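Undergrad: Here it is: the structure, laid out below.
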């Protein structure tokens, strides 16, 4: 009897295992269906940080619109381009009605041809502003948001070194006139070797002091770090 009941137990155990697996499969299928009906996460485009909501379309920053530009226009002449706002951007026309397509009026010129007031450039603190000839550096410039132009809005440009380290020309000149014989002007400008030379030579017996007064007065001698006076 016990030998005959053993196969029945095995069949019952196997049936229970199969039933459990089938229930797990059904539940997993239902979970996938529920997840498929959930709304997808929406990511905010990076340009939306610059795009004001419900403002005039014609005053949106250039990063918020796409325009059909034409490079064959005449330089310096007024030109009109058809533009469309980018997805997720909302704007209105002069009558405060929602608008997607509009036109902008601008001057035909590339971004690198704009005046210096229309773009911002990265400053360099590694070039010498007081040098002959005056040094230049290659800067990356970016057009301001509400300025429209042709071509790339970020471009390289050669600029003169124009950074400052906080040294005052009036202070340097006053030290050169009053305490120049002791090298105070050179110490102030960070030129400690020349300062020691003037200190131990009593200003080059006065000659070096007079020369430094003239050189600092005309701006030929500047801070040791190569910056401009303030």
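Backbone N, Cα and C atoms are what each Cβ position is placed from, and that goes for glycine too.
Found this in TrEMBL, in case it helps:
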type	residues	note
DOMAIN	166-213	domain 'TM2'
SIGNAL	1-29	signal peptide
TRANSMEM	199-221	transmembrane segment
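Give me the lay of the land around each of these features.
TA: Away from its own ends, the transmembrane segment (199-221) comes close to residues 130, 169, 172-173, 176-177, 180-183, 185-186, 189, 229 of its chain (Cβ-Cβ under 8 Å, at least six residues beyond either end).
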Undergrad: What mean pLDDT does the predicted model reach across the domain 'TM2' (166-213)?
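TA: Looking only at the domain 'TM2' (166-213), pLDDT averages out to 90.
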